[in-house]
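Worksheet: one structure, shown below.
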Amino acid sequence: MILSRLCLLLIAVCRTFALPIEPEWGIFNLDSFRNEIADNFKAFVSPGNELGGLIEEIRCYDLPYGGLGILSHLLTYYSVICIGIGRVPLWPRDLLRHGRVDIFISVIFFLMSGAVSVFAMDKCANRWQFICIGVWKETMSVTTAAVTGHRSYILIREHMKQEKEKERRGRHYRSNRSGRSRRVDQTLDVSNVQVYRSPSHHCKDSWSSKVPSQAPLFWLIPYVLGVIVGMTGLLSIVTQTYESMEAIKQLTLFYGFVLLAYGLLAAGYKLMAPLLRNDQGEENRDGWEVVAVPFVRGLRSISSFFIVLITVFVGVAAIYSDLVLAVIAGNWSGNEDLSDERLMIVWFIAKRLPLLVI
């Protein structure tokens, strides 16, 4: 809370410097400067809690929400998962192969989506809540671009290794050939000769038989921080409308119920799974007998509860935010009453670029 207040104060100071300050008699007036900061801070933190003001800010927000926003987020999640495990989003049966093309797509995606996010935050500068949501969207774009870029780097590195290996084998073959007897016909066509390779060499050279590294998925960790920032602003909006709008209350309660249900299911599974294996609650692992200690089972259940709770919270948060904004604006489709439809169209097209990686 203290950190968020300091950030808001910093933004208020920046807004103050952006305004012209007229000094009195050529001398800087410190009291006037302090009052200017205080006024900007109050206007920025609490610009008014009227529902009409929220609706106007949502219209100025211009990024997809409602049904269109949910569709956009689901496609983004699908793209990130496919790229993270090294699969082509448009044809998941194939592995990604063209790293240089993919890194070009990731750069274009980052520039387009980042510019639109910054522009949307600038338009909604009257409410810090929408700036937090804009930061959330920008974090999602950065995460998607980072996952795509990391996967492209892995592909380029593997391709360079293969080229070096082919060059080394070519030199080895030429050196062996030059050392042969002169009786060997130098014009022999070896294009159809089948060279035996060990299974280990075959696995190194075969792209289709190789399991792609899932290291790019670690870029999802910064997205969790973006979710925390965005949900801070969104929950502030929810608290302003929770009592006055019944739909917001029901939606929030359902969201909380889903989180709690998944967490309890995971905890219950971890608690009961050892007992379901055999009557003694024991398990054999590599010849060792593992006894289900009640304390360890309870610890695993608690950790599973929080892990699943955080995972579902992060995964469903974007859909929850789209529904909240749609309820407040009364616009379930998410493509009506926008101040600039071109901004939304550019954003939606930019977010679909990761689907084109190959």
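Cβ coordinates are placed from backbone N, Cα and C, and glycine is handled just like the others.
Predicted automatically and left uncurated, TrEMBL annotations should be read as such.
Under the heading signal peptide, TrEMBL lists 1-18. Look at TrEMBL and you will find 70-91, 103-121, 217-239, 251-269, 305-329 tagged as transmembrane segment. Per TrEMBL, the feature region 'Disordered' maps to 162-183. For 169-181, the entry in TrEMBL reads compositional bias 'Basic residues'.
Non-local neighbours of the transmembrane segment (305-329) in the same chain are 51, 54-55, 58-59, 61, 64-67, 69-70, 73, 77, 133, 136, 140, 223-224, 227, 230-231, 234, 237-238, 241, 245, 247-248, 251, 255, 258-260, 262-267, 337; each lies 6+ residues outside the stretch with a CB under 8 Å from one of its CB atoms. Long-range contacts of the transmembrane segment (70-91) within the same chain, counting only residues at least 6 positions beyond its ends with a Cβ under 8 Å from a Cβ of the stretch, are 64, 140, 143-144, 147-148, 151, 154, 212-214, 216-217, 220, 315, 318-319, 322-323, 348, 351-352, 354-358.
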